[in-house]
Amino acid sequence: MVKESIPKEGENIKIQSYKHDGNIHRVWSETTILKGTEHVIIGGNDHTLVTESDGRTWITREPAIVYFHSEYWFNVICMFREDGIYYYCNLSSPFACDEEALKYIDYDLDIKVYPNGKYHLLDEDEYEQHMNQMNYPHDIDIILRRNVDILQQWIEQKKGPFAPDFIKVWKERYKKIRDY
């Protein structure tokens, strides 16, 4: 990643998700950067336009904090709903940034975490199907399986974006930047 392409705090960026074959998967039109370093990007968004690969659009329903790390093969969306905080974790390539957007490859597997701390691994069938269709290399499969384990450990240990202080700090920072 080029250092100049790291987004700065307060900057609004697009997030583009791709599939392994290079096709666009999903685009979030606007996310406000709360922290941008070469290793970690934290952003916030609320009622953001999302465009699917088939052109369909929808708008996110609630405020969310997004977490990307350059060394892990996952990203995390922390969604603030009336009944608590939900997490949607995408198994994905580490992020890359350029002038156009923050970008990553979505590898189908997801983990949904509920406010009570319980979680479920989702879309294993889709992962198997796409692994065969798009010829995911064996090394990628090993990396992704290892990162599922890491992600589950983080969830259980309340580490990284799952730590209560993480949510408090970044939700407050997003509110300040947004209301400024």
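Quick reminder: no glycine exception, Cβ is built from N, Cα and C everywhere.
What Swiss-Prot lists as active site, proton donor is Arg26, and the listing cites sequence analysis. In the three-state DSSP reading, Arg26 (active site, proton donor) counts as strand. Cβ-based neighbour count (10 Å, all protein chains) for Arg26 (active site, proton donor) stands at 15.
According to Swiss-Prot, the Mg(2+) 1 binding site annotation covers Asn90, Asp106, Asp110, on the basis of sequence analysis. A simple way to gauge crowding: the CB of Asn90 (Mg(2+) 1 binding site) has 24 other CB atoms within 10 angstroms, across all the protein chains here.
Summarising the annotation, Swiss-Prot assigns Mg(2+) 2 binding site to Asp108, Asp110, Asp123, Glu126 and lists sequence analysis as the type of evidence. Within 10 Å of the C-beta of Asp123 (Mg(2+) 2 binding site) there are 17 other C-beta atoms, taking all protein chains into account.
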Exercise. Given Asp108 (Mg(2+) 2 binding site) and Asn90 (Mg(2+) 1 binding site), what distance in Å do their CA atoms have, once rounded to a whole number?
Worked result: 7
Exercise. Using the Cβ centroid of Asp108, Asp110, Asp123, Glu126 as the reference point for the Mg(2+) 2 site, which residues of the same chain not in that list have Cβ within 8 Å?
Worked result: Leu91, Tyr107, Leu109, Leu122, Glu124, Asp125, Tyr127
Exercise. Counting Cβ atoms within 10 Å across all protein chains shown, which of the binding-site residues Asp108, Asp110, Glu126 comes out on top?
Worked result: Asp108
Problem set entry | Listed binding-site residues among Asn90, Asp106, Asp110, Asp123, Glu126 whose Cα sits within 10 Å of Arg26 (active site, proton donor) | Asp106
